[in-house]
Amino acid sequence: MIDYSSPAVRLRQRWRQVRDRLATLLISACGIGVIVAVLAIGVFLVVAAWPLFSSPRVASEPATPGVEVAYPLEAPLPAGLEAWRRDQHLDALPYALSHAQPQALGGRLWLAEGHRLTILALDGEAPRRLARLPVVEPERRITALAALAGGRSLVVADDAGGLRRWTVEAAPPWLRLATEYRDRGPVIQALWTLPESRLFLARDAAGLSLFESLAGQRWRGEAPGGEALGFDAEGGLLWRDAGVVQRLAIDAPHAEISWRTLWLPQPYEGHAAPQQRWQSAGEGSLDEPKYGLAPLAWGTLKAAAYALLLAVPLALGAAFFSACYLPRRLRERIKPTLELMEALPGVVIGFVAGLVLAPFVERHLAGGLALIVLLPLVMLLAGGLWTRLPAAWRRCLPLGWAGLWLMPWLALWIALALWASPWLEAALFDGDLRGWLEASLGLGYDQRNALIVGLAMGFAVIPSIFALAEDALSGVPASLGEGAQALGATRWQTLWKVLLPAAGPGVFSAVMIGAGRAVGETMIVLMATGNTALMSVSPLEGMRSFAANLAIELPEAVPGGTHYRVLLFSALLLFLFTFAVNTLAELVRRRLKRRYRQLGAGR
Amino acid sequence: MRRLRLPGRAGLPRGEGPWPWLAAGSLALSLLMLAALLLLLAGRGLGHFWPAPVELVTLDDGRQLAGQPVREERRQTLQGSPLRERLYRTGNRDLDGEAWRWVEVTSIARRERPDDWAVIERQRWGELIVRPLALEEAGRRLAEAPLWAAFAARLERVLSLRAERDALRREVIAPLARRLAAGHDDAEARARLTEAQARVGELQAAMTRDALVVESAAGERLTVPLESMLAAWRPNAMSPPEKLAAWGANLWHFLSEGPRAANTAGGVWPAIFGTVLMVLLMSALVTPFGVLAAVYLHEVAPQGRLTGWVRIAVRNLAGVPSIVYGVFGLGVFVYGIGGRLDDWLFADSLPSPTFGTGGLLWASLTLALLTLPVVIVATEEGLARIPAQQREAALALGATRAEMLRRVILPMALPAMLTGVILAIARAAGEVAPLMLVGVAKLAPQVPVDGDFPYLHLERKFMHLGYHVFDVGFHSGDVEAALPLVYATALLLVGVILVLNLTAILLRHHLRARHAALRSR
Amino acid sequence: MLLAWLVAAPLQASSPIAGPLHSIGSETLASLMLRWGETLEARHPGVRLQLQASGSSTAPPALVAGTSRLGPMSRPMSESERAAFIAAHGYPPLAVPVAMDALAFFVHRDNPVEALSLAQLDAIFSDTRRCGGAAPLERWDELRPTLSGGISRYGRNSASGSHGVVRRLALCGGDFRLDVGELMGSAAVVAAVANDPRGIGYAGLGYLTPGVRALGLVGDDGGAVRPTAEAALAGDYPLSRPLYLYLNLAPGEPWPPLERAFVELVLSAEGQAIVEELGFVALPPGRLTEIRRRLGLEPGH
């Protein structure tokens with residue numbers, strides 16, 4: 001008999017309770033910690049991408065004594081030119097000067113005269129007039145003119161308050177209207193471009209505005225009184241007001257990013273029409289960085305769509321077959337095999353797709369395309385032949401095992417099609433299918449195209465769709481299927497009329513999960529495409545996906561810079577998209593599970 | 001009324017229509033694709049180690065070349081005429097300027113496989129494919145016969161000298177040098193270092209004694225010092241068992257050696273080691289935390305709506321693209337925590353980074369985060385399968401919750417946890433995209449474990465099989481030479497992952513059987 | 001006995017050379033760095049080279065952030081990159097030219113086109129055509145009537161120096177067409193062209209394989225210059241570029257022994273022999289002596 005009130009036992013009990021409480025505490029702390037850490041990914045991405053969308057900060061502060069103007073507001077004309085301008089009585093007119101990109105454009109001087117711009121080439125001894133072009137309506141007058149960094153954009157302000165950006169070309173038509181920031185408003189008296197950036201300040205009677213060449217007005221505030229001196233070395237604007245020098249600190253590190261510049265076609269320099277483009281600047285910061293996310297989003301979805309185009313029919317077909325026809329023993333072997341397929345690393349699939357499959361498909365394009373039509377026909381042919389076989393043969397090749405013994409049959413036909421490919425191409429397309437596609441359908445052919453990605457990534461997502469769809473189908477309470485079959489339905493009818501309606505949401509969620517995986521797959525897209533940021537539907541052209549783009553560009557991006565943050569923002573999009581897709585799929589699956597439980601309980 | 005068809009007597013379904021055949025076909029096609037991929041990897045990867053025959057090819061115009069046929073290609077030229085070409089690995093890059101030749105098959109007049117042609121692997125300039133003529137010792141022509149046997153014996157001597165030299169360098173000189181460089185100056189170590197280096201010098205001198213005079217297919221003669229050779233064989237004179245032995249030896253070299261010649265030759269040992277070590281570290285991190293989180297979610301947390309949402313969120317994180325985890329790892333671990341750590345702890349070695357750059361620790365942490373959802377989900381599933389009676393019985397007998405968890409629940413959930421961990425390992429071993437951001441290196445021949453304190457170097461970069469596939473396939477100077485290695489590496493990676501997955505599947509099978517037994521009781 | 005002497009060389013150093021050597025940067029230089037690293041390790045067994053190579057533009061951020069001390073680059077640093085470095089460390093990075101590379105345009109070995117002008121390349125690769133390409137070139141038959149088929153274009157990712165050099169010199173700073181493939185490595189470009197009879201792509205001359213042919217460049221005078229070592233050294237080939245090794249070394253700071261050993265190896269005859277072996281263009285001995293003197297490494301060994 002144990003004495004439960006003895007001090008030793010009581011101590012022991014107390015100790016056990018303390019331990020229990022400690023353990024609970026530890027588990028809770030660790031558990032919550034882990035879950036928070038895992039969920040922190042989303043938070044981190046939001047925090048890192050947030051500054052992109054914060055508005056610029058412009059603040060006036062007393063200047064440090066002795067600070068000097070590093071960049072004057074107006075580039076002074078070379079001495080000879082100044083004299084020339086005075087001779088021509090043009091000294092009161094606004095002008096802009098470009099020595100940038102001399103090999104392409106030559107130095108240029110743009111002079112505003114009334115509503116027109118005179119373009120002068122500075123390559124000879126005396127300035128040579130190239131053209132005189134109207135840039136504002138005839139009744140208006142140009143009030144201010146500035147060339148943006150890089151020398152390929154001119155900003156023109158007029159006396160009705162209009163403000164427009166023109167891009168500069170090396171040959172006629174010389175100028176092309178890119179952006180109309182506004183048509184009317186307060187009249188701008190002066191335009192100052194910020195050194196080494198694509199920002200400029202516009203000063204009117206009412207105040208000061210900060211513009212970005214693509215994104216438009218980013219800030220507006222009161223102009224300090226007095227006289228502007230120029231920019232200091234850090235890009236702050238120095239003012240003198242009543243003898244005191246003030247500094248206007250302009251902090252707009254990501255001014256070029258707005259929802260519009262990320263997602264809509266933009267009038268980039270050197271291109272005739274607004275374009276959707278992703279071309280990060282690379283070397284040299286004066287180049288206009290082109291952060292159009294639309295081509296990347298398009299590429300991501302296109303790759304996923306082509307992958308699903310292959311994977312959904314194959315995976316669902318396999319799942320249907322496995323759920324309805326496969327004998328149990330075989331199913332227990334085949335399911336793990338396809339699960340092994342899921343574990344194949346993307347880098348291996350991508351390598352095979354990029355370096356082996358892509359050239360192979362190109363050489364056997366005709367045969368490959370023929371296979372798309374041929375394979376279903378051959379499967380049906382096998383069925384047709386099978387029904388005509390003598391019963392003894394049929395017993396050797398039961399339908400339940402067709403998934404296996406069809407393999408050599410299909411392999412035979414695939415080999416046949418590939419072998420006949422050159423012959424097919426010669427007979428039908430004059431021996432040059434690629435040329436034929438280009439000539440008659442206008443389809444360009446990239447060797448590393450959506451077809452290849454579809455094949456490779458489709459291969460990679462088949463197992464996940466298969467496994468989930470199969471689970472959903474075989475999870476349907478057996479009573480339902482058995483009932484249908486007892487009433488005389490064939491197995492296919494049972495599947496179509498009973499199992500699928502019951503398991504439909506589960507099958508749908510399987511496809512969603514597959515889509516999520518296809519959207520995020522990195523290495524396959526990276527290695528099997530040319531990473532061209534195109535927006536085309538053609539299966540024979542390439543694409544660039546968010547994930548591949550991250551792998552390519554993140555190592556080169558300077559932490560904290562615009563490029564880095566835009567990339568992190570794209571990672572956030574990827575995160576949100578896959579998270580949403582998966583959540584939807586998960587919710588559907590949960591509801592289905594409950595339904596099965598009810599159905600099963602009703603037995 | 002629709003007419004119903006009855007199933008046939010022999011259990012053969014009748015009247016199923018065409019659809020089942022399409023379904024069966026898609027299953028067959030999926031399996032076929034899997035088989036084709038595995039066969040391709042196995043064939044190309046393993047075939048690379050087989051000693052290929054050397055062909056002496058005489059062209060129409062009388063020119064000769066010797067090489068190992070690699071593959072053939074048929075295609076249409078841009079002018080529209082058909083063409084059939086064969087690629088020969090001709091070696092001798094220092095003589096001809098290139099190590100490969102495309103030969104139009106129709107221009108070949110004669111092909112022979114003479115026995116006396118040899119393939120010699122060198123430390124630099126790749127392979128030589130030549131006919132040995134004579135041996136020289138210290139510049140003096142030797143008249144030993146048979147030539148090949150004498151050469152093989154002398155090459156064996158050079159190889160053993162080199163092995164001794166490399167061992168000295170690796171095991172004696174390197175640790176001493178590192179210790180002295182780190183500032184532990186003592187006379188004894190210095191003396192030992194001097195001694196070892198003198199011995200290395202002797203070995204080096206002994207290795208340069210012999211040379212082989214050879215002739216190329218173009219008729220050029222040259223004298224090749226044996227010191228520059230790594231291996232030599234005469235594939236045409238080898239019998240099948242000899243070839244098999246050579247195949248095994250090549251395979252072993254591939255598995256046990258480090259890469260050479262800018263990753264286009266040699267083996268993948270550091271990559272194997274790096275992959276395994278990273279995965280081990282990752283599992284050491286992910287197992288306790290994953291299990292604790294799962295226990296919290298399933299056993300401790302109040303089972304309300306919030307927990308439900310958290311559970312869904314955690315489950316969904318398994319579907320978030322791995323590259324996003326890589327971005328997180330780069331931004332938070334490398335730039336954030338790593339940079340901070342360097343400022344605090346390793347300020348004296350700045351600007352050389354210690355933890356502020358990608359490395360083993362950050363890679364393992366990132367992958368641990370990536371695989372946490374897998375472990376949590378698997379463990380929770382295991383916990384959910386344990387009948388509530390087990391818990392109730394334990395509590396009824398007076399156990400506290402901690403005791404119940406430790407003595408009853410966790411042991412029962414062990415197989416589920418193991419499954420989760422193994423699935424996590426399989427996923428982590430194949431992930432490359434996040435590693436590209438947080439610490440994998442193109443070349444880091446010294447593995448991150450060595451005899452220097454603290455023995456395990458978490459800050460070092462490491463090589464990884466998956467990244468090696470990407471890197472060698474896309475970045476190496478000589479693509480043709482690198483491709484077979486890529487196949488072999490890919491095969492190895494797939495093999496490792498398949499084994500891990502199979503283990504997980506078997507475990508799960510075992511687990512399900514056990515629970516089925518529990519339920520039926 | 002040169003080799004014996006080389007092995008004995010470290011004996012003269014006051015303290016043995018050992019430790020990790022991080023390098024992040026150019027992919028073009030990766031194979032060179034690998035081989036130099038291998039050689040250095042053979043010479044000084046305690047050295048550990050750790051190499052990451054995904055493009056020249058990865059070098060400056062790594063040097064600025066201090067994630068590496070060696071930054072191989074296949075182009076000179078741009079002004080803004082230099083400015084960022086100076087802002088972070090207070091002194092400019094040290095640039096060491098280590099080899100020359102001729103950037104070549106490759107076509108498939110079947111392709112009979114021998115040479116193209118820069119304007120034609122601009123018309124093939126650019127859609128802003130700032131270098132004077134009049135109309136875009138879309139098909140090979142626009143260049144040679146006997147050929148057929150559209151042009152497939154292959155290039156490098158924007159982080160690479162090759163991308164930057166082609167953009168600056170052949171495109172006059174204009175934009176690449178969007179359908180120029182961005183592949184992750186020079187070898188991948190060459191492999192893609194070797195597998196695509198209609199392909200054209202650019203990479204360092206060192207990546208030449210028998211599957212492709214390097215195009216000559218037609219100059220203003222109509223004569224074609226082939227990308228060869230001589231033409232690159234003489235400056236006749238317009239797309240030749242020096243390859244650099246950037247170092248984070250404060251002025252006046254003594255050379256750290258590891259970095260010093262590495263740079264000495266690179267600038268030695270043996271290091272330059274590796275350059276040649278890998279298909280790049282070695283620097284002439286006179287130039288090497290001059291560089292060594294400028295760096296404060298004794299001329300000669």
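Cβ coordinates come from backbone N, Cα and C, glycine included.
Transmembrane segment is the annotation TrEMBL gives to one range among B:141-162, B:317-338, and that range is B:317-338. Sequence-remote contacts of a segment are chain residues at least 6 beyond its ends whose Cβ falls under 8 Å from one of its Cβ atoms, and for the transmembrane segment (B:358-378) they are 274, 277-279, 281-282, 285-287, 289-291, 293-294, 297, 314-318, 322, 325-326, 328-330, 333-334, 338, 416-417, 419-421, 423-425, 427-428, 431, 434-435, 437-441, 448, 457-462.
Only residues 6 or more beyond the boundaries of the transmembrane segment (B:317-338), in the same chain, are considered here, and those with a CB under 8 A from a CB of the stretch are 353, 355-359, 362-363, 365-367, 369-370, 372-374, 377, 431, 433-439. Counting Cβ pairs closer than 8 Å and at least 6 residues apart in sequence, the transmembrane segment (B:268-297) and the transmembrane segment (B:408-429) reach three or more and so form a contact.
Within the same chain, residues 487, 490-491, 494 sit at least 6 positions outside the transmembrane segment (B:21-42) and bring their C-beta atoms closer than 8 Å to a C-beta of that stretch.
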